[in-house]
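K.L.:
Relevant sequence annotations retrieved from Swiss-Prot are reproduced here:
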type: REGION; residues: 1-24; note: region 'Disordered'
type: ACT_SITE; residues: 52; note: active site, thioimide intermediate
type: ACT_SITE; residues: 59; note: active site, proton donor
type: BINDING; residues: 74, 75, 76, 93, 94; note: substrate binding site
């Protein structure tokens, strides 16, 4: 089994300050090492935070990202820092969700990617945002994202 080349990574294994914005955040990638094999990678961020662009109040979401690599994997520490960079970023739920997905697609050029963002209610209305690049490759196992529909107290 070949060892993954991590020589080009700038954040893994070092102390890194949190980026102040998504634009400042550096996403990094590593070779998958499994060319020709379709598999699904899932990242779950159950405590994602951003700010409402109108009120500055915090917004919270449970985000699930699934993708089928085509040669590249996102380096998980850089993804964590990228997602954390939204903490002080003002944007609507839809913008945060789609921007995250498009940034990953730009970095990785995956065979397929989907994101589900399950935003916690503000003003009594939950907003769920879903985006994907197209149909997944045939034959890959795609488990349910596992986030229950918001039911309130009823």
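From the backbone N, Cα and C atoms, a Cβ is placed for every residue, glycine too.
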K.L.:
Can you tell me how far the Cα of the residue listed as 'active site, thioimide intermediate' sits from the Cα of residue 74 (substrate binding site), in Å?
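P.N.:
Roughly 27 Å, rounded to the nearest whole number.
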K.L.:
Relative to the Cα of residue 59 (active site, proton donor), which of the binding-site residues 74, 76, 93 has the closest Cα?
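P.N.:
Going through 74, 76, 93 one by one, the Cα closest to that of residue 59 (active site, proton donor) is 93.
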K.L.:
With an 8 Å cut-off on Cβ-Cβ distance and a minimum sequence separation of at least 6, pull the same-chain contacts of residue 93 (substrate binding site), or say none.
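P.N.:
The list for residue 93 (substrate binding site) reads 50, 59, 61, 117, 119, 127, 129, given in order along the sequence.
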K.L.:
Go through 52, 74, our recorded positions, and report the one whose Cβ sees the most other Cβ atoms within 10 Å.
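P.N.:
Comparing the recorded positions 52, 74, the most crowded Cβ belongs to 74.
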K.L.:
For the substrate site as recorded (74, 75, 76, 93, 94), determine the largest distance between any two Cα atoms, in Å, rounded to the nearest integer.
P.N.:
24
K.L.:
Over all shown protein chains, what is the count of other CB atoms within 10 A of the CB belonging to residue 75 (substrate binding site)?
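P.N.:
Excluding its own Cβ, residue 75 (substrate binding site) sees 22 Cβ atoms within 10 Å.
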K.L.:
So what sits near residue 94 (substrate binding site) in its own chain, CB-to-CB under 8 Å and at least six residues off in sequence?
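P.N.:
Looking at Cβ-Cβ distances below 8 Å from residue 94 (substrate binding site), excluding near sequence neighbours, one finds 127, 129.
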K.L.:
Check the DSSP secondary structure of the residue listed as 'active site, thioimide intermediate', expressed as helix, strand or coil.
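P.N.:
Coil, per DSSP.
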